[in-house]
Amino acid sequence: MAKMSLIRASFMAAMVVASASANFLSDVEITWGDGRGKMLDNGELLQLTLDRASGSGFRSKQAYLFGRFDMKMKLVPGNSAGTVTTYYLSSQGPAHDEIDFEFLGNASGEPYVLHTNVFAQGKGDREQQFYLWFDPTLALHTYSALWNPRQIVFYVDGTPVRVFRNSEGAGVAYPKSQAMRVYASLWDADDWATRGGLVKTDWSQAPFVASYRGFVADACVVAGGSPSCSASKAGWWDQGLDSDGARKLKWVRDNYMIYDYCRDAKRFPGGFPPECSLPLLD
């Protein structure tokens, strides 16, 4: 508790400005795809396209150190097997940090797989996967990442689906010192994305299109090497899950989780990573 208070105090001394917006023209830049990424509706809508030649992607103009990040997404409809639609935070370099939402496409009528992962200081291998309890191709749904010194929480339409706690006391690295940008992409990964690569991309269905709206970053912006944000962060800086959130998390894990690295004994014959033996919640 004393350590967390010290971290909070050191940030409070410097934080002045927060980023909170929902217009892609001001907030992001399309980074690849040779025109396959497009901003529409005066920057309110961003569409990424994948065809046989290339996918596409964008990233936030700002870099952040802790915050709450929301994105509305409508995934590729129909036969999306082989495609991956992403929304994630990442720093750069071999010892990078990363917080991943990846949506693995599937054949028509089969569910998408929500693939999540957390990297800290270059180490990942912390995959958890879920089915969704709705069709993510029919309408926009909100996918959120809460990242504070205490924990990372993945949300789907406000329902927590995953928690990764700060367990540095147990020797587990935690993302806390590297600024991360928000990224999104649509690309072909038919060598692994759908049933381990057994189902390939059907290019007769191309172009594949995913839609993004409502990007909001209530977060500490890093500029010139120093983070700054406003008192609005009080809503997420110390946020955890209350009893209702814990109940919803259990409901998702009991009914929609299809893979958890902490249950994969074949993958870790010498013993599970240390965080797997710790309580899921505070």
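Yeah, the Cβs are placed from backbone N, Cα and C, and that goes for glycine too.
On a predicted model such as this, the values are computed, not experimentally measured, just so you know.
Quick look at what TrEMBL lists:
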ACT_SITE  Glu98  active site, nucleophile
ACT_SITE  Glu102  active site, proton donor
DOMAIN    18-212  domain 'GH16'
CARBOHYD  Asn106  N-linked glycosylation site
SIGNAL    1-22  signal peptide
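Note on the residue listed as 'N-linked glycosylation site': other Cβ atoms within 10 Å of its Cβ, all shown chains, come to 19. In the predicted model, residues of the domain 'GH16' (18-212) average a pLDDT of 95. When Cβ atoms from all protein chains are considered, those within 10 Å of Glu98 (active site, nucleophile) total 18, not counting its own. Long-range C-beta contacts of Glu102 (active site, proton donor), restricted to its own chain and to partners at least six residues apart, with a cutoff below 8 Å, comprise Val84, Thr85, Thr86, Tyr88, Leu114, His115, Thr116, Asn117. Calculated from their C-alpha atoms, the gap between the residue listed as 'N-linked glycosylation site' and Glu98 (active site, nucleophile) amounts to 25 Å.
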